[in-house]
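What TrEMBL records for A:31-50, A:100-128, A:140-159, A:165-183, A:221-242, A:277-298 is transmembrane segment. The domain 'ABC transmembrane type-1' feature in TrEMBL is assigned to A:98-298.
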Amino acid sequence: MTTQVSTTTRWARFRDSYLLYSFKRTWSAQLCLAIFLCLVLAAFMAPWLAPTNPYDLRQIDILDSELPPFWIEGAVEHYTLGTDAQGRDLLSIILYGTRVSLVIGFGAVILQAILGVTFGLLAGYLGGRVDAILMRLADIQLSFSTLMVAIVVGAVVKATLGSSFYSQYAVLMLILIIGLAEWPQYARTVRASVLAEKSKEYVDAARVMGLGSRRIMFRHVLPNTLSPVFVISTVQIANAIISEAALSFLGLGMPETHPSLGSLIKSGFDYIQSGSWWITLIPGAVLVVLVLVINLLGDWLRDVMNPRLYKG
Amino acid sequence: MIAFLTKRLMHAILVMLVISVIAFAIQDNLGDPIQQMVGQSVPESEREALRERLGLNDPFHVQYLRFAGNAIQGDFGYSYFYREPALDVIARHLPATLELVFGATLIIVLLSVPIGVYSAIKPRSPLSRFFMGASIVGISVPVFLTAIVLIQIFAIGMKVTLFPESTAWGSWLNATLSTEGGMPSFGRGQDLVHVVGYWDSNLFSAGGLQHLVLPSIALASIMLPLFIRLIRAEMLEVLQSEYVKFARAKGISSWRIYFVHALKNTMLPVITVGGVQIGTMVAYTILTETVFQWPGMGLMFLDAINRADIPLIVAYLMIVGVIFVVTNTIVDLIYGLVNPTVKLTGKPA
């Protein structure tokens, strides 16, 4: 019975919020969200939308390889965006590849957020030695860029487990690697807000009431630190998608049989000298559009949620 | 100052210790060196004897101390592939990477300062808006994709037939947008000038410079937007401050205010971020060098991974660790020297 009441008030709060007000007035944010949703929908409906199934070897003919997209002479009508070097339909494989990239991007960000929020909360609330150790660790990891950490961890994991095992569980591995590489961003953000929240009276009140520190941390402090977490999450998703593409491009990511956008760009790059630019540049364009709309949405969100910041 | 210096040094040493433990753990867990050294027919008892003689049965910390002792003297063992000391292999590849980073840094400094300052002075002008828009696009394009596009446009060449050839403007647009290609995009070329020791340079010959252009632009492209935005944001803040208003009231020419008074204080945070980012560039050199087959440390590292050349991987990690720690420490020191208001000895914020 109470849930009914709380959901309606939440909806009302959202309806009256500055967030929605600003969204209705910012056409660029609307456009970006529309493009982003289209890409996500298309990617996750790939099995129904794609003309062929690129994972099904029976539907691939090597004789169809390196066919150009429709506006170039020599195109075959059946393959709208042409084919790659193995004769797979480029449109289908881009749809499937976008799905892989999105799954890894979101998965990695969820892992980062869980790790980072927990560590940030512990560091900020408990302070002392826990704070010193966790933040020193975060400092060290951040001073090596996150991409560097991801590359090194990926390389070592791949060398330890062997490449066939690695490519079999590539999605999981990439989520783990990127998640582990980028948690300090969240930890720092959350720690900063926790330090500000900790001295407020409601925390003292909760403590006086005799609540345990775990309950105060997760039920009282955490909800008040979440808005900066949402703001950096958008940028982090874009970063994770780029990191995944970079790892795949270096051969430390998705295998060619199960490609993401990054491994499509990599496999196409081998054929760019022979004039088949579309194999690498069309997936590249999709990647850029995807990351760009997420970044633009992140910019807008940051301006709305934190109006004191510069529109840098 | 002394207290600050020792604190920074302690921090640097701590970081290097952590890195060396990780590097050693990698070396310890990857592969069996005995298998690399002896043939199939060697019996197990002899293998065990060799293992004992080489100290591979010692406890972890004993082996680690031996490794760290050797590493401090610059001995990281022999590369399996090159069959020479790992440090020599790295020293041979280092100049190529440093020249690439140098070229990219030059581009970044020459472009980001004027663009950043301009878009802070005239934040509403169409050109500034264009720069801001372009910079967010620039952030969203991964460095290897920039590199591939550069290769397509300037090395391979591009024939545009998008516009109708029959109309005058269409054929003009097609002709203008098409490119010849022909820029070198593979390796460092033949025109290297030997300077000293392992340093063969691209910087002192026309052919060498030509090879350096595309990789440098690609590497610069990832950092440039960041610096433009940073300089613009800092400059905007400085222009609001009292002393700029006062300088204006005194009647100092606005050109002098912008470039002498305001820019000085703008550059402070830029130095810190910039120093750290130059370290970060090492990661992007791996991607750039892969695309352009630039024979630097990054490409060497990737090859070492694919060949499971463990001593080389470990040596690379340690050297890169040293580069990061040294740049970060120097940046902190410079910042402390340049900005006297920073608390040198206080507790970390």
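If you go along the chain as it appears here, the first residue is 1 and each next one adds 1.
A Cβ is built for glycine as well, from the same backbone N, Cα and C atoms used for every other residue.
Residues 100, 103-104, 107-112, 115-116, 119, 138, 141, 146-147, 149-150, 153-154, 157-158, 236, 239-240, 243-244, 247-248, 253-255, 257-258 of the same chain, all 6+ positions outside the transmembrane segment (A:165-183), place their C-beta atoms under 8 angstroms from a C-beta of that stretch. Same-chain neighbours of the transmembrane segment (A:221-242): 101-102, 104-106, 108-109, 112-113, 117, 120-121, 125, 146, 178, 182, 185-186, 189-190, 192-194, 197-198, 203, 261, 287, 290-291, 294-295, 297-298, 301-302, 305-306, counting only residues six or more beyond its ends whose CB sits under 8 Å from a CB of the stretch. Sequence-remote contacts of a segment are chain residues at least 6 beyond its ends whose Cβ falls under 8 Å from one of its Cβ atoms, and for the transmembrane segment (A:31-50) they are 23, 89, 91-92, 95-96, 98-99, 102, 286, 289-290, 293-294, 296-297, 300.
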